[in-house]
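Here is what TrEMBL records for this protein:
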BINDING   34-41, 59-63, 80-83, 140-143, 169-171  GTP binding site
BINDING   ASN45, ALA46, THR48, GLY49  Mg(2+) binding site
DOMAIN    27-189  domain 'FeoB-type G'
TRANSMEM  347-366  transmembrane segment
TRANSMEM  378-396  transmembrane segment
TRANSMEM  408-432  transmembrane segment
TRANSMEM  452-478  transmembrane segment
TRANSMEM  490-511  transmembrane segment
TRANSMEM  523-542  transmembrane segment
TRANSMEM  584-604  transmembrane segment
TRANSMEM  727-747  transmembrane segment
TRANSMEM  756-779  transmembrane segment
Amino acid sequence: MSDPYTADAALPSAASARANIGGLTYALRFAIAGNPNCGKTTVFNALTGARQHVGNYSGVTVEKKEGIIRHQGQKLVLVDLPGTYSLSAYSQEEVVARNVLLSGTVQAVINVVDAGILERGLLLTAQLREMGLPVVLACNMMDEARAAGIEIDFIRLSGMMGASALPTVGTSGKGLHEALDAARGCALADVEPDPESAPYPGPAPYPEPALAGAQDALCPRLKTQALHVSYGPLLDPVLAQMEELIAGSSRMAASPYAHCAPRWLALNLAQSDPEALRAVRAADPTLADWLETLCRDLHQTLRAQDMDVEGLVADGHSAFVRTVATACISKTGNRQRLGMSDRLDKVLAHALWGALVMLGVLYAMFQITIVLGSYPQAWLESGFSLLSEMVGSALPEGLLSSLIIDGLIAGVGGVLSFVPLVLIMFALIAIVEDSGYMARMAYIADRVFQMFGLHGASVMPYIISGGIAGGCAIPGVMATRTMRSPKEKLATMLTLPYMACGAKLPVYLLLVGTFFPENAANMMFMIILLSWAFAFFVALFLRKTVLRGEATPLVMEMPPYRLPTVRGICIHCWERTWMYLKKAGTVLVPLAMLIWAGMTFPALDPQLALPFENDMARLSAALENPELAKDARADLEDRLGNAEKALNAERLRHSLAGQLGTWLEDVTRHAGFSWRTDVALIGGIAAKEAIISTLGTAYALGKQDPDDDVSLAELLRKDPSWNQGSALALLVFVMLYAPCFVTLVVIRQESGSWKWVFFSIIFNTLLAFAMAVGIYQTYCAWMGN
């Protein structure tokens, strides 16, 4: 596997370090590692603030966050690694974290652990130290641990783990600068300062007097001594042999594993790690053969005793971590925080009451997002409408004016109008995540979602996308990045567009109100249920075919409930909103302009436009008569407006989009669609809101306001090509067919491949058309047509 991490700067050599230690001109790179929900990102945000760069690691969709700060005159690059429980390389997060640490570009690791559940976090710490990396153990949320009656012997913990251990509180910043001092001291411990340069003064004192001097004894040996964990008499001798062979190979210096301890590499080879074996074979094929022989003999010996390497390693780690925890942690019996969490979980994690509370919370989030977001969204839409009017009055009518107004302003405005919804939704998600309730929601929903090959963590993206009606698939797709299983994430991502997003609601309301006025409420409820049914069964189909694989069991930590911090919520919202603008906005603008060009060119032949223009000229001349009666003038103005609309409709029909709609009519008529409907659906690929406005233009009504569909509804009702069957077929088609452009762009970003974008377009459209044809043909057969 290629390394999905590209560093900005390589590890400085010892010579360059000596030359620059006085001036401190080069940057040190520290990785921040830790389990999910340990406060790692809070620590990272507290250290870096807004000085962050957020993106994805190359080739994968795991989020990449870096921050650059200056500390004691030294430039530091902080890398926030994905939250992971181990370095076993089973998930994308584990692979990314391990590859970053193996890259040789990280001089020290700040390992953040939850002090309240220290034993759980020490497994990752042990693996980091087994790699031979210099580690600073930041026991975070120490204030909450002490409130729960937990005390930690940091000096003993430092000695047993071979890492500088110190207390921190990420929310207040206590102990964080001391952690940077310790990491900086570890990174520079093997560098001999230039006698002519000012010597490195060493880290600032620990925040607790009892820790003074602990680091001086630890840091100098961190880079040369890796942690040694015993795995029993059957495995330890084989690891020693393998370690000796690896250490004796000069060719391994060119291997990606050159920066790790030989025993840690031997341990991974013994566990049949394919990446480790591939790297060794590429560097030294002879060594790889010897190591494979040793591993094969080891596995045969263990199988004869009904044992395996993974079990021995797990037992060894568990025994070591338990020994450290017993020696370093003392409890007074005050379980105030955990007791409160346990009492809340009796209701919030209950099979019945928890589900009801979850539905209430989700509904409240939906309502808050839609209600609060509707006001700034309306302001933005009004602002862009005003801007369009200003540009229209300043520029003469023509292609340039149309390009700017209908292409640029409409494209940018369409993206920015969703920003308030995205901002509010991600603020609410941050509150739910940081409070600890997100884990409970996933636990409750997992029972139902597992039946369809999905995961409990899928519930939030579905709700955001319009599971209660009115959401948006864009932030919904972005919310899937919290899911760990790639296949379940894809199954969720590809079915999210079926939900009743706010852009589809005007289409639903138009068709339901026009053709099912007496059962409008029941029809809307049926649409919501249908969207969930299609999402679940299509997800199950995908998980049984193209995304086949075992369902991921919901194994997750139930963190204690906490009050979110305003700073954390603000940083979270800024990151997600900026990524939305950068990813969606920059791509949507040219695509919107492409759609505009498709509905504008080729221009209508002048000979075909001449009758309309002559009629308009005649009516305009008649309106100049000052002696016209009021009723006659109104009649002429209506006729002039209708002539302009008829000209627009003729231009649309002769455009590329109109010709495509007419060409498709031979096929889509089996679903009850006319060429006008085809053109509207083509425009709906750019944005589902465009379906009504394009349909209005196709019916010679000009640009139709989605909030004022009376005229369009009346005309649809009178059109003999429309009936309840074609309306119901169109409802289902709009529900299922290709997502809008912005959603497709975000799917590309989150899936990391255009393959799934094209799959979403083709599969969803074919499914939608098949369902629409089935509905319409069934209706026609039922009615005897």
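We number each residue from 1, going along the chain as drawn.
Glycine too: its Cβ is placed from the backbone N, Cα and C atoms.
Recorded features from TrEMBL, shown on the structure.
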| residue | record | DSSP class |
| --- | --- | --- |
| GLY34 | GTP binding site | strand |
| LYS40 | GTP binding site | helix |
| ASN45 | Mg(2+) binding site | helix |
| PRO82 | GTP binding site | coil |
| MET141 | GTP binding site | coil |
| VAL169 | GTP binding site | strand |
Arithmetic mean of per-residue pLDDT over the domain 'FeoB-type G' (27-189): 85
GLY49 (Mg(2+) binding site) and VAL169 (GTP binding site), Cα-Cα, nearest whole angstrom: 16
Recorded stretch that, among 347-366, 378-396, 452-478, 523-542, has the most CB pairs under 8 Å to the transmembrane segment (490-511): 452-478
Contact set, same chain, for the transmembrane segment (523-542): CB under 8 Å, 6 or more residues outside the stretch: 451-454, 462, 466-469, 490-492, 494-496, 498-500, 508-509, 512, 516, 731-732, 735-736, 767
Maximum Cβ pairs under 8 Å to the transmembrane segment (756-779) - stretch from the list 347-366, 378-396, 727-747: 727-747
Neighbouring C-beta atoms (10 Å sphere around the C-beta of THR48 (Mg(2+) binding site)): 21
Residues of the parent chain within Cβ reach of the transmembrane segment (727-747), under 8 Å, 6 or more residues beyond its termini: 414-415, 418, 473-474, 477-478, 493-494, 497-498, 500, 503-504, 507-508, 511-512, 514-516, 527, 530-531, 534, 580, 583-584, 587-588, 591-592, 671-673, 677, 681, 684-688, 691, 756-757, 760-761, 764-765, 767-769, 771-773, 775-776, 779
Cα distance (Å, whole number) from ASN45 (Mg(2+) binding site) to MET141 (GTP binding site): 15
Nearest recorded site to PRO82 (GTP binding site) by CA-CA distance, among binding-site residues ASN45, ALA46, THR48, GLY49: ASN45
All-chain count of other Cβ atoms within 10 Å of VAL169 (GTP binding site): 23
For MET141 (GTP binding site), the number of other Cβ atoms found within 10 Å of its own Cβ: 27
Binding-site residues: GLY49, PRO82 - member with fewest neighbouring CB atoms within 10 Å: GLY49
Nearest recorded site to LYS40 (GTP binding site) by CA-CA distance, among binding-site residues ALA46, THR48, GLY49: ALA46
Residue pair ASN45 (Mg(2+) binding site), GLY34 (GTP binding site) - Cα distance, angstrom, rounded: 14
